[in-house]
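Annotation comment: TrEMBL describes 171-243 as domain 'PAS'. Residues or ranges marked as domain 'PAC' by TrEMBL: 246-298. Sequence annotations record features per position, and here TrEMBL assigns domain 'GGDEF' to 327-460. TrEMBL lists 12-33, 39-57, 64-81, 108-128, 140-157 with the feature transmembrane segment.
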Amino acid sequence: MHKEAELIHQKNMLMLKILWGFFAIANIINLIVEGKLAPVYPLVGLILLALLTGVVLQKRWASFTMLLTVCFLFVFFYFLITGDPYLPNFIFMALAPLLSLFYHDFRAVLLSGILFILSSVYYFFAYQEVLFPGLQGREVSYLISYGVFITAFSVIHTKLTRNLWRRAGQSEERLRTILDSVSIGIWTLDLSTMKADVSDGFEQLTGFSAKSFRSNSNQFDELVYPEDEEQFHKFQQEMIIGRRSAVSEYRIICRNGTVKWVQNRGTPYFNHLNHMVRLEGVMIDITDRKQMEEKIEHLAYHDELTGLPNRTLFSKRFEEYASQGKLSLAVLFIDLNDFKEVNDTFGHDAGDLLLKDIANRLTGIVREQDMVCRLGGDEFLVLLVDIDETRVVKVADRIKASLAEGYLYQGYRLTAGASIGFSVAPSGTGDLEEMIRQADEAMYGAKKSRVRQYLSQQDGVASHEA
């Protein structure tokens, strides 16, 4: 059934219940006041309502059934007034146009208005002496004017209401479109039944149908990425135990196995006794935002060209180890030889490729707990952890040997050796800036004298043949 037809059918069902209720109440009042039922209209009412009930329950021709309901109202009043021409009965008939406003349909209110005007004119002249004693024929215009007024009012009211509904529907549709486009799911959890209800957006967000959430409220828990379960439970506790709104960001595992970041915003709702009755919230896909944040954080702590940690991250790592004071630390200062000649001869693209290759070689030489940093230009720093000076020399030897192998660029073999100086803090509590300065001095000494030099804060300067 079409959406509009379904809405009209629902109103037909409700109108049918209202008419049955009015009919029953009217007969009860008549019994109380008159002590008996009227001889005609209860039977007519039963027949009309029975026929109308059969048509409504067919769920077919919803618009026709709506108009038929309006007509049956006036047919009933015809038998009522002609059987008992009593002014209150006419007054009740005058309320029929207002009752048709229930449908908010131009066809229903226009038909009701026309039938009222025609019925009023007929009853005025047919039962003038009984219903309207003392009024002259021309005064029927008052009834016609009332009919026109009530019809115009009903039409205007219907138009305004339908416009408001249309705008509300458009706003709802726009909101639904926005929610669907940004992967947003709206959820509700009834705490008395522990039943969940979710919007259709959850299927786009998680891959699981809204029906699966409604049939299994534990689906929310099952979605959570194992490492983020504690974060999710804190979110629940803040709402239920803390009795306040909560916001949490965590990962979920979708139906297809992909992992997404979501932001979940929830709010508890209370009844008039201040008892918590339900939780409501919205879950938003923030994967793109998280990826952007990770990218920004990576750029903030890494060299853009080589991907190596930059000076900031290098300093943070050094301070972490130095604050523990348990492991010896060594800082190597590496300066490439002849790098300017490579740039001048083959261009900056060749120089960039060379720097990337060197970064990969350096990273492959050191251990996982160590760190390689690009200081800038053709200078690199290496942090070695839990190491003595003898092993520092061995690492420096491996670096020099690796860099001496050369690089291929467009069929040419490029060479870029390195001068290395380093400083060692056996106690693991050295000052980074001082160690870099000392290693830098040792490196320049090596570059000038063609020997490998290293500097220990404890032992001073020493040198070895290259």
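In case you wondered, yes, glycine gets a Cβ from its N, Cα and C as well.
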Number of helical, extended and coil residues in the domain 'PAC' (246-298), per DSSP: 12 helix, 30 strand, 11 coil
Cβ-Cβ under 8 Å with the transmembrane segment (12-33): same-chain residues at least 6 beyond its ends: 42, 45-46, 49, 52-53, 56, 62, 65-66, 69, 73, 102-103
Helix, strand and coil residues within the domain 'GGDEF' (327-460) as assigned by DSSP: 60 helix, 42 strand, 32 coil
Local confidence of the prediction over the domain 'GGDEF' (327-460), expressed as mean pLDDT: 85
